[in-house]
Amino acid sequence: MGDVEKGKKIFVQKCAQCHTVEKGGKHKTGPNLHGLFGRKTGQAPGFSYTDANKNKGITWGEETLMEYLENPKKYIPGTKMIFAGIKKTGERADLIAYLKIATKE
């Protein structure tokens with residue numbers, strides 16, 4: 001498990017421009033991530049996803065996020081997420097640790 005505080009910094013630097021995490025947070029360029037863990041791809045209510053995201057059919061968890069966040073366009077070809085990814089495993093683990101707490105129902 002990663003470091004939550006480091007993960008929060010990574011979120012602010014690399015994710016917060018397009019995503020919110022709090023319950024009832026608005027969608028930006030990307031969807032609000034509240035309730036992310038255990039949800040299938042392309043399922044945040046009220047967000048317009050590509051067919052690629054809707055049809056991927058995986059459930060978000062530590063393992064799927066670890067793979068996705070390394071290279072989003074490789075993991076879901078056709079996603080509109082323009083983020084290049086986080087190459088360092090430790091940074092991805094930190095971000096996931098933060099997301100696990102910040103997006104919890």
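Backbone N, Cα and C atoms are what each Cβ position is placed from, and that goes for glycine too.
These come from Swiss-Prot:
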- G2: N-acetylglycine (MOD_RES)
- C15, C18, H19, M81: heme c binding site (BINDING)
- Y49: phosphotyrosine (MOD_RES)
- K56: N6-succinyllysine (MOD_RES)
- K73: N6-acetyllysine (MOD_RES)
- K73: N6-succinyllysine (MOD_RES)
- Y98: phosphotyrosine (MOD_RES)
- K100: N6-acetyllysine (MOD_RES)
Exercise. Which of these binding-site residues is closest to the residue listed as 'N-acetylglycine' if you go by CA atoms: C15, C18, H19, M81?
Worked result: C15
Exercise. Which of the three DSSP states, helix, strand or coil, fits Y98 (phosphotyrosine)?
Worked result: helix
Problem set entry | Cβ-centroid neighbourhood (8 Å) of the heme c site, C15, C18, H19, M81 excluded | K14, A16, Q17, K28, T29, G30, L33, F83
Exercise. If we check Cα distances from C15 (heme c binding site), which of the modified residues Y49, Y98, K100 wins as closest?
Worked result: Y98
Exercise. Relative to the Cβ position of Y98 (phosphotyrosine), how many further Cβ atoms are located within 10 Å?
Worked result: 23
For this session: Around the Cβ of M81 (heme c binding site), how many other Cβ atoms lie within 10 Å? Please give the count over every shown protein chain.
Result: 19
Exercise. What number of additional C-beta atoms lies within 10 angstroms of the C-beta atom of K56 (N6-succinyllysine)?
Worked result: 20
For this session: Round to the nearest Å and give the CA-to-CA distance linking Y98 (phosphotyrosine) with Y49 (phosphotyrosine).
Result: 24
Problem set entry | Other CB atoms within 10 A, centred on C15 (heme c binding site) | 20
For this session: Can you tell me how spread out the heme c site is, meaning the largest CA to CA distance among C15, C18, H19, M81, in Å?
Result: 11
Exercise. Of all the binding-site residues given, namely C18, H19, M81, which is spatially nearest to K73 (N6-acetyllysine) at the Cα level?
Worked result: M81
Exercise. Which residues, sitting 6 or more apart from C18 (heme c binding site) on the same chain, put a CB under 8 Å from its CB?
Worked result: K28, T29, G30, M81, F83
